[in-house]
Each structure stands twice: as structure tokens, then as C-alpha cells.
């Protein structure tokens, strides 16, 4: 039997407990999960690509234990379906917080299925405890000196505190 690889794309700027929740679900479905950090030239991320890789890898080690070794973090600047193919994925993972996410993700899944019928999109609903968490809100709270510890892994909370106290 061949290993099943899933591709989980996002900006992860920063990684949140919501992302980790989806990642845990993805690890139930796949042997390996490739976390694809989308690089968009028009966007100015808070954390550099290298910082995001380090934060994801450290968070996975701290929060997922041995399962953290089943993830791989990569960058991509092309279509997500092309990135998934390059990394040998047969599944694309998408997290859902609410109906707004579902509407958008269904549209994207339909387009992706037309262009890459061999890739299966799997929607994983967020656990109730993380449904309200967004990276945008986390950045806003951190930028105003608020406590983001309930919303992100400890290593990310420390990095945000450092970033905004500089």
C-alpha cells in the first residue's frame, strides 16, 4: 500500500490553534501532510517565509508529538493544485469555520476538481473551541498588546510578542 499524502495550503501568518486543529484531522486521514505556505508577491506578511516554517515546525513538534514528524512544510507560488501534484498529494485539506468559509471553499473545490479531478478536496470542520480564531484577528490583538495565548501555540505567542514589542 502506498503512503497517502495530503496537501494543506494557507498563508499561516501566523499559525493558529485553528490551523493545528485542522492539521490534527488531516493526520487522521493521511500518512504525510504537506503544509504549503502560499507566497503571494502582492502581500506583505507579518512573518517571513522562513519564520513561518520555523514556527510551524516548532509548533508541530510541541503540540503534535510524534505526529509532528509526519508533516513537511514547503512554499508555493503557483496554483494549489499544481503544488499538491508536485508533492505527490492525492488529498487537498480545507478547514471550515462557518457557512461563509463553506461557500468560498465549495467554489474553489469545484474549480480545482475541474482542473485536477484526481485530487480529492476534504473539508474538515473546525472544533467549536477554535471556530472564531482567525490569523487576522490574532495579528490585530497582538498588535494592540493583547494576550493571544488562547488562540495560538506558545511559540507563536512568544514570536508575536517579540514582533510587536520591537
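Using N, Cα and C of the backbone, Cβ positions are placed for all residues, glycine too.
According to Swiss-Prot, the protein has these features:
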| type | residues | note |
| --- | --- | --- |
| BINDING | 11, 12, 19, 95, 96, 97, 105, 130, 131, 132, 133, 134, 135, 136 | ATP binding site |
| BINDING | 11, 43, 80, 94 | substrate binding site |
| SITE | 19 | site 'Transition state stabilizer' |
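Counting only residues at least six positions away in the same chain, the Cβ atoms of 16, 17, 18, 126, 151 sit under 8 Å from the Cβ of residue 133 (ATP binding site).
Fewest other C-beta atoms within 10 angstroms, among the binding-site residues 80, 96, 135, are seen around 96. Neighbour density for residue 105 (ATP binding site): within 10 A of its CB lie 16 other CB atoms from the protein chains shown. For the binding site of substrate, formed by 11, 43, 80, 94 according to the record, the largest Cα to Cα distance is 21 Å, rounded to a whole number. The CA atom of residue 80 (substrate binding site) is located 20 Å away from the CA atom of residue 135 (ATP binding site). Rounded to the nearest whole angstrom, the C-alpha distance between residue 96 (ATP binding site) and residue 43 (substrate binding site) is 23. In the three-state DSSP scheme, residue 43 (substrate binding site) is classed as coil. A strand conformation is recorded for residue 96 (ATP binding site) in the three-state DSSP classification. Using a 10 Å Cβ-Cβ cutoff, residue 11 (ATP binding site) registers 16 neighbours. Contacts of residue 19 (ATP binding site) defined by a Cβ separation under 8 A and a same-chain sequence distance of 6+ are given as 10, 12, 95, 135, in order along the sequence. Every protein chain considered, the tally of other Cβ atoms within 10 Å of the Cβ of residue 94 (substrate binding site) stands at 22. Across the structure, residue 11 (ATP binding site) and residue 43 (substrate binding site) are spaced 10 Å apart at their Cα atoms.
Working note on the binding-site residues 43, 131: by count of other C-beta atoms within 10 Å of each C-beta, 131 ranks first.
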